[in-house]
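Among the features that Swiss-Prot reports, region 'Disordered' is placed at 1-24. The repeat 'PPR 3' annotation in Swiss-Prot covers 127-161. Under the heading repeat 'PPR 5', Swiss-Prot lists 207-237. The repeat 'PPR 6' annotation in Swiss-Prot covers 238-272. Per Swiss-Prot, region 'Type E motif' is recorded for 445-520. The annotation region 'Type E(+) motif' is assigned in Swiss-Prot to 521-551. Here Swiss-Prot flags 552-646 as region 'Type DYW motif'.
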Amino acid sequence: MNPTQTLFSPGGNSPASSPASHPSSLFPQINNCRTIRDLSQIHAVFIKSGQMRDTLAAAEILRFCATSDLHHRDLDYAHKIFNQMPQRNCFSWNTIIRGFSESDEDKALIAITLFYEMMSDEFVEPNRFTFPSVLKACAKTGKIQEGKQIHGLALKYGFGGDEFVMSNLVRMYVMCGFMKDARVLFYKNIIEKDMVVMTDRRKRDGEIVLWNVMIDGYMRLGDCKAARMLFDKMRQRSVVSWNTMISGYSLNGFFKDAVEVFREMKKGDIRPNYVTLVSVLPAISRLGSLELGEWLHLYAEDSGIRIDDVLGSALIDMYSKCGIIEKAIHVFERLPRENVITWSAMINGFAIHGQAGDAIDCFCKMRQAGVRPSDVAYINLLTACSHGGLVEEGRRYFSQMVSVDGLEPRIEHYGCMVDLLGRSGLLDEAEEFILNMPIKPDDVIWKALLGACRMQGNVEMGKRVANILMDMVPHDSGAYVALSNMYASQGNWSEVSEMRLRMKEKDIRKDPGCSLIDIDGVLHEFVVEDDSHPKAKEINSMLVEISDKLRLAGYRPITTQVLLNLEEEDKENVLHYHSEKIATAFGLISTSPGKPIRIVKNLRICEDCHSSIKLISKVYKRKITVRDRKRFHHFQDGSCSCMDYW
């Protein structure tokens, strides 16, 4: 018999009074069910004995179907039980609404519908547990109008002072982007009441949750300053408070602030947890703070924090982006490798280090392990092909993505292909590829082609592509700078001046070059012609020494990189103070002989700096790693891992 067909029909002659069949005797067994199939067997016993007419029995079955963990949950089954219940009390309504509100967005919409059905039931009134669930559904689905109506109903039924209801109202307004409404509720229910010292721990913890919700809301809107102001006002903070600040700064691109908040957290009495590590590792990766990343890895192991696919992938990404691919491989090999996220992280690590062959090998092993590639895995694989100049392999994998794995290429996949073709000198094919794209190319696609034009010295196509970009993103400096570079390389200074004038008229500024270097856990940041560092005098002396030694080694500055019509000597002086050269000089005076130097650059490393650092690695017998916007450059003994292809 299928229990869902006759959910409440009595059958057989099982005595209702039998201890073996009485609902209360089966409740512990319900809690021990591992699957819905297990539950259906108990459900069948209830039906045969006629006990499903018992409100308590039906509610217990409903509770398991609707609100147990997601692995056991079956909302369709729960909904059938609910619809056929002879009597529904507030608990039953709350249970089914909660179940749907905790599911995906489509099912959360059903929770809202169920709430309105409940309100039309003249025999049932909502209680303090009803509103939080339906408000969660409104927050998840962005149904602000329904949320406001439910807010009014909460007040009507006397729950305006209930901290549980209020916290979910604030969360709903925050998630829907209505920070003004959230702020009014927050200040009325928290800030004004906070004048009195809280002695009730439960209420105090509830208020901390509200503070965290507000901070998260400001971070979601990109208002990091408002979030920080609230955070600083908190008299007590939970680990979630710290995690919210760290993840918020990271998501908004304020990586130094994220790491700084983490350092503050370390000094206090709240220990970082799993979420802390997952939140701060991306910031550490972007800054290249290897020492802090290694500390986190060790902390996780010593604290018994399980390194699962998500945390493991974050560690792989951190080691890869800090230039230590060997440690990334070590982490990867210790993971179960059952999830595509882990494989994708490792493929990306190989890609940014220019190890295209290893990336392809990793991709093939992933297939052999029975893990289906994701669209992200293909982006990383195509990036590896691009950095390795593997045109045929790139074409094959782009085609295989659709024909074998049935994945629809995203704009990022097309961008990888344009980059691959352009870097390989196939500019006409790259342009044709763009024009035949089934989706409209964005500025990133055209920038990839423009970069290839600059690399290949094709000024004619470069002008055409730059004009497209200037129309598409008129206030972006990229097209102006790239075209200026091409004109400067030809000595066409009148056109360079024209570009500079157009930028000035439109108040467009070039992104300043910036290089970071981590010395003993402290980040040092340098910009072009930077003399603000406390050791500026020593750095300048080292730059002079480097210049002298490189000349003796045969170095000649590549002055076509300078976008100014200057005398040759003046151009050399400009190149002398590029941020990556200053960072390299600082690394040489701040570390012992033979120790590796690691630098992170926010832009693409220029040709002259690339040539210089190759020689510096040979003259000073140092391994120097530079991570620019595109990839890693491992300089050693006068050569670079990119083989001068970047």
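Don't overthink the numbers, they just go from 1 along the chain as shown.
Heads up, the Cβ atoms here are built off N, Cα and C, so glycines get one too.
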Grab the same-chain neighbours of the region 'Type E(+) motif' (521-551) for me: Cβ-Cβ under 8 Å, and only residues 6 or more beyond its ends, written as numbers and ranges.
256, 259, 287, 289, 291-292, 512-515, 576-579, 581-586, 588-590, 612, 615-616, 619
What residues in the same chain, six or more past the boundaries of the repeat 'PPR 3' (127-161), come closer than 8 Å to it by Cβ-Cβ distance?
90, 93-94, 97-98, 100-102, 105, 108-109, 111-112, 115, 118-119, 167-169, 171-176, 178, 189
Do any residues, 6 or more residues outside the repeat 'PPR 6' (238-272), come within under 8 Å Cβ-to-Cβ of it, and if so which ones?
205, 208-209, 211-212, 215-216, 218-220, 222, 224, 227-228, 231, 279-280, 282-284, 286-287, 289, 292, 296, 299, 303, 523
